[in-house]
Amino acid sequence: MRQFLSSDRINSEIPQEKSEMVGFSDIDNSSRQIKEMEAAFRSAVKTGQIPGAVIMARDHSGRLNYTRCFGARTVVRDECNRLPPMQVDTPCRLASATKLLTTIMALQCVERGLVRLDETVDRLLPDLSAMKVLEGFDAAGEPKMRERKGKITLKHLLTHTSGLSYVFLHPLLREYMAKGHLQTAEKFGIQSRLAPPAVNDPGAEWIYGANLDWTGKLVERATGLDLEQYLQENICAPLNITDMTFKLQQRPDLLARRADQTHRNKADGRLRYDDSVYFRSDGDECFGGQGVFSGPESYMKVVHSLLQRDGRLLRPETVDLMFQPALDAQTEKQMNQHMDASPHINYGGPMPMVLRRSFGLGGMIALEDLDGQKWRRKGCLTFGGGPNIVWVMLLSALRFVFFFFFFFFFCSS
């Protein structure tokens, strides 16, 4: 039987943090800032604000190599009555941090001539091409659908400008489901993610949605491979990664030590184990937008390969393309207005709201510098995942990857 720990019980049983730190003496003012950051994380674990975290940083030269693990990977004690520590190889549900991996897989297909960025998806995703746009509902409550204006391209999918949205984020789709036009998924199923209709035309606006789940299907159809097989052969094998997978339930060695999902109870502020189906099962197919489990160190290998432009995953010129703003002026303005009006969502990670932002192939891009506590530099690419996973990458400076596992942005109770 699982035994549960409240936040005040965590304090006396916190696993010792582990660290590796090389090269910070070469960075002005970093020593004090790093100590302050580490103290903040130690305090957050001790007071039960978070169960555990992993923080990593690398630079392109290899001189900077920083890793620090804090706390535990769960609030549930093991059979020895201990809290198992959070480690760099702890398998973690990446959620939307999966989107970077699927973007890389799609761009590999582009490099190999299997698809073009500006090619319509008609050939590989005819089911998406046939999808109509939901405009609203008539007096009888029936959905009003219209034909899509324009064609969806791979670039639209990679930049969230295809006209698709997640059900939980869009009022029309929430009403569409409430009226019985979508079935509530009883399990973690791909069709429930791909079934909702579009809510706008391609290129009309930035909308966060199931674009990378569809991109994963595009990669499968372009290559003839299951996305898990493609991931293993084209991302994991080149980087010697052995703990990254869509199929955690088929890997008992990883399943036994994965990070648990937790949420914060609003009534008492304590962390609770969350027995979410999303965290204890695999999808019926591979979700390109949210389906991967990985250890932090393995995810770091991926982003560090991009940072080094080493050609093992993508050509240097393709990596450079990822860092170029991909939205036109009107869509960029609309995206910024939407995000400013929805600070509680904070898509993909903590991009400060005061920054002007765009979107590239794989993440959000800062269009200006910001100093101080919310430091960012123009051109940095960032995204993450719902369980408080954040990665930030600069081609010419530090690149951080954060792994926090304590509660979903939308899931406190």
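We number each residue from 1, going along the chain as drawn.
Cβ coordinates are placed from backbone N, Cα and C, and glycine is handled just like the others.
Swiss-Prot lists Ser96 with the feature active site, acyl-ester intermediate. Annotation comment: Swiss-Prot describes Arg93, Arg193, Tyr208, Tyr278 as monacolin J binding site, evidence class similarity to another entry. Swiss-Prot lists Gly386 with the feature 2-methylbutanoate binding site, giving similarity to another entry as the kind of evidence.
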Rounded inter-Cα distance in Å - Arg193 (monacolin J binding site), Gly386 (2-methylbutanoate binding site): 16
Shortest C-alpha distance to Ser96 (active site, acyl-ester intermediate) - which of the binding-site residues Tyr208, Tyr278, Gly386: Gly386
Rounded inter-Cα distance in Å - Arg93 (monacolin J binding site), Gly386 (2-methylbutanoate binding site): 9
Candidates Arg93, Arg193: member of the binding-site residues with the richest Cβ shell (10 Å): Arg93
Rounded Cα separation (Å) that holds between Tyr278 (monacolin J binding site) and the residue listed as '2-methylbutanoate binding site': 12
For Arg93 (monacolin J binding site): DSSP state (helix, strand, coil): strand
Arg193 (monacolin J binding site) in three-state DSSP notation: helix
